[in-house]
Amino acid sequence: MNDARGTTGDMLRSVFPDGVRVSSWDELLAAGRDEDAAIENLWPAEAEASATYAPRRRAEYASVRDCAREALRGEGIEPAAIVKGQRGAPMFPPNVVGAMTHTDGLRAAAIARQERFRSLGVDAEPHEGLPPGVLDAVSLPSERDWVRAVLAGEPQLRVDKLLFSAKEATYKAWFPLTRRWLGFEDAELSFDTEDISRTATGIRARGTFVSRILIAPDVIDGGTPLRALSGHWAIDSGFVVAAIAVEQPAPVRL
């Protein structure tokens, strides 16, 4: 994994393998982009799809697509409209896989060539606790036990939000390969921590996770069934990010 830090884009790059291109809105802002221009640059299908959105939602919709097109250009791929498909999943150009995420203060997109990766999933959240009652709704008993044990010893490390973010990333990586719903109860997650430290801006940590799929693992792309998905996570600068990159199988050498 990459380990650069600085922008939110750097944070997301740290949880993806080489071959995944990330672009973040704070990097585009630093390069002179703005929300008004992002909205003006929406492709016709995107402009139509977002015409009734509230201003803030439309700005997020436009800016995260600006990030996706910047990532496409970085890979030498012709930009295209990125509209929502089944269950709201973004539709990327042919032979490209990707994922987008946005929350207060962070908007980003990741793309990769399908020849190397089967799917991507990414989610970013504020590093703060889940609202009361939400943990029970999104977790299995084993996951709740882990969350409560960690919080008892390290209350500043909001692993309840990490669990939520990793489940969201799991669904985003799962759905393009199955076209089936994956509920919070349909994957059991386990986590490892590789590093934890405190900085002037708060706590920083990173590690890995595995999502064990509890429903039929059948896929539609002819690849290996998805019995488990592996990912990386990071907590830094007030954010939690979790990402999964499902790689294509290595070619068989005769």
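Backbone N, Cα and C define each Cβ position, glycine as well.
Per TrEMBL, the features are:
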- Arg57, Arg65, Thr101, His102, Asp123, Glu168, Lys172, Leu182: CoA binding site (BINDING)
- Asp123, Ala124, Glu125: Mg(2+) binding site (BINDING)
- 51-112: domain '4'-phosphopantetheinyl transferase N-terminal' (DOMAIN)
- 119-195: domain '4'-phosphopantetheinyl transferase' (DOMAIN)
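For Ala124 (Mg(2+) binding site), the nearest neighbour among the listed binding-site residues (Arg57, Arg65, His102, Glu168, Leu182), judged by C-alpha distance, is His102. Per Cα geometry, Glu168 is the residue among the binding-site residues Arg57, Arg65, Glu168, Lys172, Leu182 nearest to Glu125 (Mg(2+) binding site). By the criterion of other Cβ atoms within 10 Å of the residue's own Cβ, the least surrounded of the binding-site residues Thr101, Ala124, Leu182 is Leu182. Secondary structure at Glu168 (CoA binding site), taken from DSSP and collapsed to helix, strand or coil, is helix. Predicted-model confidence for the domain '4'-phosphopantetheinyl transferase N-terminal' (51-112) is 97, expressed as mean pLDDT. DSSP assigns Arg65 (CoA binding site) to a helical segment in the three-state reduction. Secondary structure of the domain '4'-phosphopantetheinyl transferase N-terminal' (51-112), assigned with DSSP and counted as helix (H, G, I), strand (E, B) and coil, comes to 23 helix, 17 strand, 22 coil. Counting residue by residue with DSSP, the domain '4'-phosphopantetheinyl transferase' (119-195) contains 41 helix, 17 strand, 19 coil. For the recorded Mg(2+) site, residues Asp123, Ala124, Glu125 set the reference point as the centre of their Cβ atoms, and the other residues of that chain within 8 Å of it by Cβ are Thr101, Thr103, Leu106, Val122, Ser165, Glu168, Ala169, Phe239, Val240, Val241, Ala242. Considering only the residues assigned to CoA binding, Arg57, Arg65, Thr101, His102, Asp123, Glu168, Lys172, Leu182, the longest pairwise Cα distance works out to 25 Å. Of the listed binding-site residues Asp123, Glu168, the Cβ environment within 10 Å is emptiest of other Cβ atoms at Glu168.
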